[in-house]
Amino acid sequence: MVDPCEDDNAKMTSQEALCTLDKKTPRCSTLKMFIMSLSFACFSKALSGTYMKSSITQIERRFDLSSYLIGLIDGGFEMGNLLFLAVVSHFGAKLHRPRLIGSGCFLMALGSAITGLPHFFMGRYKYDTVIQGSLNESVSIVACKDPITQDNYTDILQESSVNFSTGVDCVREPGSNMWIYVLLGNAIRGIGETPVTPLGISYVDDFAKAENSAFYIACLQTITLLGPMFGFLLGSMCAKLYVDIGFVNIDSVTITPRDARWVGAWWLGFLVASVIMLVAGIPFWFFPRSLPKQDEEHRDNPSFHLTNQEQVPHPATPAMKLADIAKGFFPSLKKLLSTPTYFLLLCGSVLNFSSIIGLITFKAKYMEQQFGQSASRANFLIGVLNLPVIAVGIFLGGLLMKRYKLSVVSGAQLSFLASFSAYLLTLLEFGTKCDNMRMAGLTVAYNGTPHVSYDTLSLFSLCNQNCSCSGVDWDPVCSDDGISFMSPCLAGCSSSSGHGKDTVFHNCSCVLSPSPVEGSTSVSLGQCPRGPECSRSFTSYMAVSVLSSFISSLGTTPAYMVIIRCVSPELKALALGIQALVIRTLGGIPAPMYFGALIDTTCLKWGMKKCGGRGACRMYDSDKYRIIFLGLISCLSGSSYFFIFAVIILLRKQFRKDAVKALQQSGGLGQVELHPPKQHLDEGSGHCAPVRQSTRLEERI
């Protein structure tokens, strides 16, 4: 087989060969090699980022944090990102872009490693339970003890003593504030991510043919979406593994992955992601600052390489000082923000990005609380169902742009139609729900009547008033009638049999009906499973979620191309950087926090820390959770469409104006057809000009 590089070199003149040798880069492969390297880097950063999302529940439980603080930690990535994003986007476009991308990959590797390191400086994870998991023989446990004879049960935390314990006996757990290092590592990872997307996309767009750019970017985004898929799968695998795996006997662990106290090996995935990011950054140190412009029409021109290198934005030369570059920053920013289409798209992007960030951050948690799924299964389903169809949709969107050579107006219309159709479809998710888990004292009364209560006193009843139970312990048990109790003591159990995970409590005074098998009022460890109706609702929810994800993703690439085609070529990197800066500042940072704060308002039972203070939530009001979570997403997404609709109207007016002007300049409307060479920016108006016009103007509008 003949190497295409050798075939091209054989046709070169001596001048062409000299130019190529001076650049020391084969023109036919370097751009594609860069795209491959950039794709792997984007894959790696997406894997690391989505693994963080998939580990939200594990980190929340391990560090005993509220959803608000988890949102703050998740927003740390955006905080680090925005500190350098605008500067890197502006100065990086004039410096050595590939090496800046390589440096960013190394920083991301460092950040991921720091995020996972707190595990090695913390003690073993301990959870509240009355079960001695290490026992090899059955020992009867008297959960319900008379307060007069109680002696060994005095170490059970009482709510009053927990809240006000400040004595010497209260020793803080090791690593209680180690979550700060998770925040720090996430921020460093955000700093490292800064140059990858804006500089990588602008590098590809600068040196690729205009008609190939959309296809290349679509391929890049499609491969990038494999990162989230593998990130969620990695999160699923790690969530199945106990947090202290390798350090404790797993047989002694009495909780399961479906338990609200379960913590998976969250730290393991961050170390894996760190190694992958380190490898991804190596190739960028071997790419040149610039490449020959990819243009088949001029390949036979002996001066092809020289002329094209003059036409593309060239990086800084020794004569170009940083001070000279800095002088042009604010004028460039002013020119960029004065473009109406770009500014309106920016406003719509902030609202849409906020809803997406909130959805991605808490989607797995929503599936756990609403449908009773484990964190491992929720992450697995997101990784194998939602993300692959999103990747296919993005790829097909780019293919449509290339196949039909859609104009900016057509691209904006396609993006709006796809996104709005998916939005209407997601409204069906409000109807896919499960009833609250039946927990005595929280969602049902002790007589079995449905009743949601946030009052701690509702946990106690006549059936357990003589048991001296704690109102803060979370050690749930399930009765045969489908009602769960927060602890064996609150169920009024006076004896037990078995050991470890197989422990069964007997003679429980609060159980309404005796077991048909044993004939006694017994409960077993763990919460009661959801019914078959909930499984059918979950299937419907996933079907709607997958279909809406696919439809929405069809408009991703057209929307992306509208942004980079509606600004001057020298402003492309800055436009992408400012967009990322604004949406992350106004959307990426606050969205997880206010989503988390609103989710916290739906908590029915909070855990308690050893020395007082509120810990992680153990159980939510699933009905209220659904309305707040889905309602907030719908409001943010719905508001963004007002701006996108305004962009389409503005583009159509400008398109019509520029098309008529072009027809008049060419000799009037009687011309058969016009073929302007390329879509360009009207420098005077700051709007996008059309790619092409035909004899019937109304057909193109």
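Cβ coordinates are placed from backbone N, Cα and C, and glycine is handled just like the others.
According to TrEMBL, the protein carries these features:
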{"type": "DOMAIN", "residues": "34-656", "note": "domain 'Major facilitator superfamily (MFS) profile'"}
{"type": "DOMAIN", "residues": "457-512", "note": "domain 'Kazal-like'"}
{"type": "REGION", "residues": "677-701", "note": "region 'Disordered'"}
{"type": "TRANSMEM", "residues": "68-88", "note": "transmembrane segment"}
{"type": "TRANSMEM", "residues": "100-121", "note": "transmembrane segment"}
{"type": "TRANSMEM", "residues": "214-243", "note": "transmembrane segment"}
{"type": "TRANSMEM", "residues": "264-287", "note": "transmembrane segment"}
{"type": "TRANSMEM", "residues": "341-360", "note": "transmembrane segment"}
{"type": "TRANSMEM", "residues": "380-400", "note": "transmembrane segment"}
{"type": "TRANSMEM", "residues": "406-428", "note": "transmembrane segment"}
{"type": "TRANSMEM", "residues": "540-563", "note": "transmembrane segment"}
{"type": "TRANSMEM", "residues": "627-651", "note": "transmembrane segment"}
Chain residues outside the transmembrane segment (406-428) and at least six past its termini with a C-beta under 8 angstroms from it: 352, 397, 400, 544-545, 547-549, 551-556, 558-559, 561-562, 565-566, 630, 633-634, 637-638, 641, 644-645, 647-648, 651-652, 655, 679, 688, 690-692, 700-701
Stretch contact, the transmembrane segment (264-287) with the transmembrane segment (100-121), Cβ-Cβ under 8 Å, 3+ pairs: yes
Touch test for the transmembrane segment (341-360) and the transmembrane segment (540-563), at least 3 Cβ pairs under 8 Å: yes
Long-range Cβ neighbours of the transmembrane segment (214-243) (under 8 Å; 6 or more residues past either end): 35, 38-40, 42-51, 53-55, 57-58, 62, 119, 125, 200-201, 204-205, 208, 250, 253, 257, 262-269, 272-273, 374-377, 379-380, 382-384, 387-388, 390-392, 394-395, 397-399, 401-402, 556-557, 560-561
Cβ-Cβ under 8 Å with the transmembrane segment (627-651): same-chain residues at least 6 beyond its ends: 340-341, 344-345, 347-352, 354-355, 358-359, 362, 366, 408-409, 412-413, 415-416, 419-420, 423, 426-427, 429-430, 562, 595, 598-599, 601-602, 687-688
DSSP-derived helix, strand and coil totals, residue by residue, for the domain 'Kazal-like' (457-512): 9 helix, 11 strand, 36 coil
Overall pLDDT of the domain 'Major facilitator superfamily (MFS) profile' (34-656), taken as the mean: 80
